[in-house]
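Q: According to Swiss-Prot, the compositional bias 'Basic and acidic residues' annotation covers 1-18. Taken from Swiss-Prot, the feature region 'Disordered' covers 1-37, 540-564. The annotation compositional bias 'Polar residues' is assigned in Swiss-Prot to 21-35. According to Swiss-Prot, the feature transmembrane segment maps to 43-63, 98-118, 131-151, 157-177, 187-207, 226-246, 300-320, 334-354, 362-382, 389-409, 427-447, 502-522 (among others), an assignment based on sequence analysis. The feature N-linked glycosylation site is assigned by Swiss-Prot to 182, 553, with sequence analysis given as support.
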């Protein structure tokens with residue numbers, strides 16, 4: 001047996017027993033070791049340079065997601081979800097540095113194709129390439145932070161990263177509008193090239209991290225789960241297609257919506273069967289034993305629901321501002337600032353609390369409860385509601401969702417060994433990305449269905465403008481204000497009623513998320529970094545670049561395992 005084959009056998013044996021030898025911890029109290037505040041890790045300049053490059057790359061990717069006109073098919077942009085597990089597998093085989101540089105280069109290539117597009121087909125293909133690159137960036141920045149920072153302290157840096165991501169998300173529409181008004185639409189894409197180019201240079205110069213080089217290229221290629229990735233991409237694409245066009249371009253009952261839905265979920269079933277077969281799939285792209293841990297499973301679900309509820313707010317508060325209050329898109333964006341500002345602030349606060357206390361379950365329970373109450377209370381908003389009411393509600397929603405976004409990854413990884421960081425981060429990113437498209441499609445379906453029920457109140461001469469998914473498309477102040485006063489009041493009343501249904505249904509989604517936190521256990525967050533992909537060591541420095549404080553726990557034995 002060759003050395004590579006021996007290594008492969010050892011790796012496979014190392015991963016399988018994880019979920020069966022779990023040490024059960026009290027779910028209601030933190031382990032005693034967490035009560036002691038660990039020594040603060042000191043990070044060298046090389047770490048901060050690498051972290052700065054990651055933040056800039058994350059900012060550009062986030063800005064791309066909000067700068068581009070929503071008229072482009074969202075299925076293209078959301079295709080990135082399907083490739084994130086593959087990026088995780090590639091990062092384990094070829095190291096984080098090269099895969100991160102590759103993802104950034106793919107993103108820039110897609111931006112260049114879009115900017116130079118001379119047809120809609122070329123633009124759509126460019127967006128597909130750009131989205132695949134963005135998906136890798138979004139997953140890899142979190143993964144690399146996990147490689148460079150002990151688990152106990154990751155919340156601090158993930159929260160800081162989300163500050164940059166939120167800057168990109170918030171500034172995107174403003175920059176996009178300014179570029180479109182003063183130059184050409186092509187600069188909406190070209191602007192990524194100088195900024196992304198600078199980020200790429202920083203990554204090449206400062207992202208100097210270790211990686212395993214003992215395998216040959218041939219052995220690495222054998223470890224790529226080609227079949228599993230292909231099935232997952234196909235199944236994800238089918239579901240995204242149905243969610244994107246169902247209720248808008250086609251009725252939900254149409255065969256060309258039902259068929260992709262069925263094929264997508266059948267595909268996911270086949271994917272699960274493939275990944276669980278050790279003979280066919282010795283190196284799964286998404287190890288299913290991660291879901292044997294009830295804490296990891298609950299945290300994956302909370303991550304998915306967090307993004308659903310976040311996009312629920314991001315897409316339907318503007319509908320309220322424009323169709324009910326009569327705000328312009330610009331003013332609507334300003335009115336969304338309480339959420340957009342509170343979200344990253346509390347992402348940093350939530351991450352900091354986990355780092356300080358070593359506990360994530362209480363934060364998840366409180367945060368999900370706050371979100372459920374605040375998003376449900378949005379159902380009382382009307383044309384005459386004082387602006388302080390919707391501003392405060394947004395702040396509370398941002399408080400809850402922000403606290404969740406920066407703390408669920410630690411809960412996922414607490415019961416897993418460090419060797420599975422890439423796979424668990426990729427699965428976490430995949431769940432979050434899926435949540436974004438469900439977070440638009442589900443409330444849109446509820447909204448349009450309710451508006452169809454209310455269409456009988458409208459004058460027959462205008463009714464066709466609001467049925468079969470058109471109510472959401474026409475939710476603009478310009479359109480609503482175009483009617484005479486009496487008709488306008490009826491239309492505004494219908495929008496208010498449809499939005500009320502959207503917010504009331506959101507309570508059920510929030511309540512399920514609250515209940516899911518009860519399945520989490522409070523596992524110890526490791527305070528010592530033990531990664532094979534940390535900062536590259538300097539010559540003569542066996543300890544590497546990161547200076548560690550005294551009294552840190554050894555994590556080389558892998559993650560804690562909990563009895564399910």
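Every residue, even glycine, has its Cβ placed from backbone N, Cα and C.
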Q: Is the transmembrane segment (427-447) in contact with the transmembrane segment (43-63), using three or more Cβ pairs under 8 angstroms as the rule and ignoring pairs under 6 apart in sequence?
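A: No, these stretches are not in contact.
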Q: With Cβ-Cβ distances below 8 Å as the criterion, list the same-chain residues six or more beyond the ends of the transmembrane segment (157-177) that contact it, or say none.
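A: Counting only partners 6 or more residues beyond its ends, the transmembrane segment (157-177) has Cβ contacts under 8 Å with 51, 54-56, 58-69, 141-142, 145, 149, 188, 191, 330, 333, 337, 340, 343-345, 347-352, 402, 405-406, 409.
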Q: Can you name the far-off residues of the same chain, 6+ from the ends of the transmembrane segment (226-246), with a Cβ under 8 Å from a Cβ of it?
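A: Distant contacts of the transmembrane segment (226-246): 73-75, 78-79, 81-83, 85-86, 89, 252, 254, 256-258, 260-261, 263-268, 270-271, 274-275, 280-281, 284-286, 434, 437-438, 440-441, 445.
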Q: Same chain only, please: residues at least 6 beyond the ends of the transmembrane segment (187-207) with a C-beta under 8 Å from a C-beta of the stretch. Say none if there are none.
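A: Cβ under 8 Å, 6 or more out: 46, 49-50, 52-54, 56-57, 60, 63-64, 67-69, 96-97, 100-101, 104-105, 107-108, 111-112, 114-115, 126, 130, 144, 175-176, 179-180.
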Q: Please give me the CB contact count at 10 A for residue 182 (N-linked glycosylation site), counting all chains in the structure.
A: 8
Q: Would you confirm whether the transmembrane segment (502-522) and the transmembrane segment (131-151) meet the contact rule of 3 or more C-beta pairs below 8 angstroms, pairs 6 or more apart in sequence?
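A: Contact between the transmembrane segment (131-151) and the transmembrane segment (502-522): absent, because fewer than 3 Cβ pairs are under 8 Å.
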Q: For the transmembrane segment (427-447), which partner among 131-151, 362-382, 389-409 gives the most CB pairs under 8 Å?
A: 131-151
Q: DSSP on residue 182 (N-linked glycosylation site), three-state: which is it?
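A: In three-state terms, residue 182 (N-linked glycosylation site) counts as helix.
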